[in-house]
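Peer 1: Mind looking over this structure? Questions follow.
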Amino acid sequence: MVVGTLKIDADVLTSAPFNHYKNASHWLITLFFFAPGRVAVWWSAMNTHSTPNMHGTSHEHSSQNTHVTPDTHGSYDTQGTLSASTRLSLGVFVLVSVIHLINQLFSGEGLIDTVTQICLMAVLAVVLIAATRDLTPRPRVVTYTLISLFFSWLGDTVPRFLEGDASFMAMIGGFFVAQVFYAVAFWPYRGASLLRRPTFLLPYAGAAIVVVGVCWSGAGALLPAVIAYVLVILTMAILASGLGRIATLGGVLFLLSDSLIAFRSFTDATLPTHGFLVMLTYILGQGLLVWAVIRTAKDQS
């Protein structure tokens, strides 16, 4: 996810964020992104003690399932803690993420920005592989999530070697395919998702309408691509709720991250540390989705 160059001056850092909202549409953006977040919190409470199964229903965690203890060559050791390979890969992911975010705060460009962003999804894929290596055969949800991470990596990497509309389309193309595979991965759990309660889909629909509406005049010839991408990431975020509270929040954060990119690309809307916020929500969103996939795969093994 390429966010471009970030420049920060003292006046921006000392001003209140809402002073940068120059018209009513910016307030609508805030409103509609607050609403899906509230849905995520509500859904968390509803799913605190349940885990989705492949038939879209939920089952309660039993005391016998509290600690997963496969062999020492898998993602857990005999005491139910993370294996060395999982801890190592997770530590690398956290380190790369922190370096990237710090760089975003101070410059948002340069070799550090390029290298760390290219590494992010690759390392996260290693975390997923290490955490599920004991599961044979590899669960369907894990396989499709790995494919999603690969196309996310392409969306992060390829645009850096292109310019203009070609760069933007390469980013949209990579992440469009990534969202499709996420949706395919989450589809079997749709019965436990927000689709059960259509009323709670309204904030998601509202957010999508606001994003498209705000970008309408500025997107130009890219508008069809923007609309298609909004629809597919909206589908992913809704289906992610079928995996529980962690994935629900991950989907909302991913949606927010991509929307911030759209606003920056096609409008004058901006926030202090805009690039930092884009990458923070992106990293957290992807990380939470992978965490939810690992938990789901383990619970069903």
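Including glycine, each Cβ sits where the backbone N, Cα and C put it.
Reproduced below are the annotations present in TrEMBL:
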- 24-45: transmembrane segment (TRANSMEM)
- 53-76: region 'Disordered' (REGION)
- 112-131: transmembrane segment (TRANSMEM)
- 143-162: transmembrane segment (TRANSMEM)
- 168-189: transmembrane segment (TRANSMEM)
- 201-223: transmembrane segment (TRANSMEM)
- 229-256: transmembrane segment (TRANSMEM)
- 276-294: transmembrane segment (TRANSMEM)
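Give me the structural setting of these features: burial, nearby parts and distances.
Peer 2: Below 8 angstroms of C-beta separation, residues 1-2, 114, 117-118, 120-122, 124-125, 128-129, 168, 170-175, 177-179, 181-182, 184-185, 286, 289-290, 293 of the same chain, each at least six residues beyond the ends of the transmembrane segment (143-162), sit close to that stretch.
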Peer 1: In the same chain, who gets a Cβ under 8 Å from the transmembrane segment (168-189) while lying at least 6 residues past its ends?
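Peer 2: Distant contacts of the transmembrane segment (168-189): 1-2, 52-56, 140-141, 143-145, 147-156, 158-159, 162, 222, 225-226, 228-229, 232-233, 235-236, 239-240, 242-243, 247, 258, 265, 289, 293, 296.
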